[in-house]
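Written out below as structure tokens is the structure these notes cover.
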Amino acid sequence: MVLIFATNTASAFWSQYTQPSSCKYSEILVSGVLTTIKDSRRKTRHFQIQGNNFLCLNLQSTAYKYVNLDWLTLEPFEESSGNCTLYGFRLGKHDFYTETSESLEKWLKVLMTKTILNSFDEDYVIIKTIGKGSTATVYLAEHAESRKSYAIKAISKEIIESQESGIKNLKNEIRILREIEHENIVKLYYVYENMNFVYLVMEYLPAGSLYKRLKTEKKLDENTCARFIMKLLETLDYLHSRDIVHRDLKLENIIMVGDSNHHFKIIDFGLAYLSSATQSLKCGSPGYVAPEILYSIRYDSKIDIFSAGVILYILLTGKHPFEGKTTEKILKKNFECRFSVDKKISTNASDVIKHMMEPDPEIRLTASSLLEQPWFNFVKISSFNINQSAMMSEIGTVAIV
């Protein structure tokens, strides 16, 4: 099977670099001197990585050409040359030599997070299967040297290549996870590819999914639910402000962190999209899908709000709003979007559910608007009091000293 992330095959490896406006300027992640060899001639230049771009600088220390790193393959190497060992890395089909092994490590630390690697079997030891989906299997694995645990999402290339948007969705997932940095979103460390699989190396979260947690606890009290949903809405606000829509929020795609019922991370961005434009693709999980998707009308980020509303309903009641014995029956109820809220639930909590599960996307509130609902006030007050107490404690400690 051919490589999805093939080495750079364009006629020109480099593109002309244009200095971005100051508002788009990215931090320089690593810089230094590298040597290239062409036709037995050595050329030494200053290079740097800025955002996802690998830049070459001229003698005036100004970037004049670049290559985007997103889908380039990376391969470190060592070569013997007389009594010396040369260190370097290959990007696509181009070799770059570093001055020392320490310098190579400095470059690799950044490059490995930006490119596609090819040494999965050498780097990781699979321990056991911890999850399985239609296109991927998730394993618990250990790094061969550090022995650190990771979750490995092994995606079958045969399956995704047979799907109409399989490769596009995979690239979206990788691009999105590389771009975001948030305490409530799973972290992607590295991407590998071999002939049969693409491997996403991610942080390992042993506590299991929210679905698994509710198998034991059935439902949560209102205070815990408010804290949980407030964090979920804050996370969605973060994503939506960056034009990222998850498109498949459900209990199974929220992984708990430790024993707390309001610390979690969102996983599985396989159906996510990165765009401010409305979408039309029908996708998602039955029972969580926003009605506008089922109505075959164009939709936006508010589909995530509806799915989060379904999650809130389940957390508060211990039941699904659209129950059915078959997928068809679940989808029918999901389409009709009729549900009732238990009278034991407070008016403020009930209002939040109704706002989130509003069938009309034009009326449904955004994440930022929902966070202003009265139900979340006590969470904000208690958080403020905790912060004040911590601050006073620190002041008291300083005064005693």
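Just so you know, the numbers here start at 1 and follow the chain as drawn.
Glycine is no exception: its Cβ is also placed from the backbone N, Cα and C atoms.
Since the structure is predicted, the reported quantities are computational estimates derived from the model, not experimental observations.
TrEMBL has this to say about the protein:
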- Asp248: active site, proton acceptor (ACT_SITE)
- Lys153, Glu252, Asn253, Asp268: ATP binding site (BINDING)
- Lys250: SUMO2 cross-link (CROSSLNK)
- 124-376: domain 'Protein kinase' (DOMAIN)
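Take the mean position of the Cβ atoms of Lys153, Glu252, Asn253, Asp268, the recorded ATP site; other residues of that chain with a Cβ within 8 Å of it are Gly131, Gly133, Val138, Asp248, Ile267, Gly270.
When Cβ neighbours within 10 Å are tallied across all protein chains shown, the highest count among the recorded positions Lys153, Lys250 belongs to Lys153. Confidence annotation: the domain 'Protein kinase' (124-376) carries a mean pLDDT of 96 in the model.
Listed in sequence order, Ser209, His246, Ile266, Ile267, Asp268 are the same-chain residues at least 6 apart in sequence whose CB falls under 8 Å from the CB of Asn253 (ATP binding site). Take the CB of Asp268 (ATP binding site) and look out to 10 A: across all protein chains shown you find 21 other CB atoms.
The most densely surrounded of the recorded positions Asp248, Glu252, judged by C-beta neighbours within 10 angstroms, is Asp248.
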